[in-house]
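Quick look at what Swiss-Prot lists:
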- CYS3-CYS24: disulfide bond (DISULFID)
- CYS6-CYS11: disulfide bond (DISULFID)
- CYS17-CYS42: disulfide bond (DISULFID)
- CYS46-CYS57: disulfide bond (DISULFID)
- CYS58-CYS63: disulfide bond (DISULFID)
Amino acid sequence: LTCLICPEKYCNKVHTCRNGENQCFKRFNERKLLGKRYTRGCAATCPEAKPREIVECCTTDRCNK
């Protein structure tokens, strides 16, 4: 599985996940409309969202756009 890993909205940096990491995730704060920063990467399980945070998980290559 390969996941995107950069914080910008439009991301092209790809990372190959390790064994056991079978999900890509994207995490961001729902309140910041301008200058939104994303946390992207690989995970074994979908990370839990903190208050006012959105976490999206998926299981195909580069799906965490």
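Cβ atoms here come from the backbone N, Cα and C positions, even for glycine.
Note that the structure is a prediction, hence the values are computed from the model and not measured.
Shown here: features listed in Swiss-Prot, placed on the structure.
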| residue | record | Cβ contacts under 8 Å, 6 or more apart |
| --- | --- | --- |
| CYS3 | disulfide bond | VAL14, HIS15, CYS17, CYS24, PHE25, ARG40, GLY41, CYS42, ASP61, ARG62, CYS63, ASN64 |
| CYS6 | disulfide bond | ASN12, LYS13, TYR38, ARG40 |
| CYS11 | disulfide bond | LEU4, ILE5, TYR38, ARG40, LYS65 |
| CYS46 | disulfide bond | GLN23, PHE25, VAL55, CYS57 |
| CYS58 | disulfide bond | GLN23, CYS24, PHE25, ASN64 |
_Counting other Cβ atoms within 10 Å of each residue's Cβ, which of the disulfide-bonded residues CYS24, CYS63 comes out lowest?_
CYS63
_Give me the count of other Cβ atoms within 10 A of the Cβ belonging to CYS17 (disulfide bond)._
17
_Most crowded position, judged by CB atoms within 10 A, among CYS42, CYS57 as disulfide-bonded residues_ = CYS42
